[in-house]
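Shown next, in structure tokens, is the structure this report addresses.
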């Protein structure tokens, strides 16, 4: 794993061929920044859900080992998929970041956690608890395909997805 996250703008400047080949992709600038960890990077674990966060909890209960959880919530802004308790669980279990194609809640609690979080917005309603969805599958967020095991790099400039771990 990368010792220090790389600056996304510098990564883009130094990697024109992987960008052209689709091996390095930037997510559209649709996310707000939450959590104490403003810069983070790590291998991706994916989950695809819709207005239900049972599988999100299941993954965050696993040891993170420096991974980033990418939650494809279908872009729903009708409820939150991540709250303060799950963010604390992520911190305790060694996850470095969470990207939510959906909403969070308990923003103040999340902002107190040493985890990087990117989400579309905050919403006070909690999600359903049926346990529907899929873990460790390819997801598509705002037109960008993200596969389990790829690498994610996030900073104030944006979020990058790479098929392989990047080095300076």
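The backbone N, Cα and C atoms fix where each Cβ goes, and this holds for glycine too.
Now, the feature entries from TrEMBL:
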BINDING   83, 84, 85, 86, 105  substrate binding site
BINDING   106  Mg(2+) binding site
Round to a whole number and give the Cα-to-Cα distance in Å for the pair residue 86 (substrate binding site) and residue 106 (Mg(2+) binding site). 10
Cα-Cα distance linking residue 106 (Mg(2+) binding site) and residue 85 (substrate binding site), given in Å to the nearest integer: 9
Taking the centroid of the Cβ atoms of 83, 84, 85, 86, 105 (substrate site), which other same-chain residues have Cβ within 8 Å of it? 80, 82, 87, 88, 104, 106, 109, 110
Record-listed substrate binders 83, 84, 85, 86, 105 have a maximum CA to CA distance, in Å, of 10
Which of 83, 84, the listed binding-site residues, has fewest other Cβ atoms within 10 Å: 84
What number of additional C-beta atoms lies within 10 angstroms of the C-beta atom of residue 86 (substrate binding site)? 27
Cβ distance under 8 Å to residue 105 (substrate binding site), same chain, sequence separation 6 or more: which residues? 80, 82, 83, 84, 122, 123, 124, 125, 126
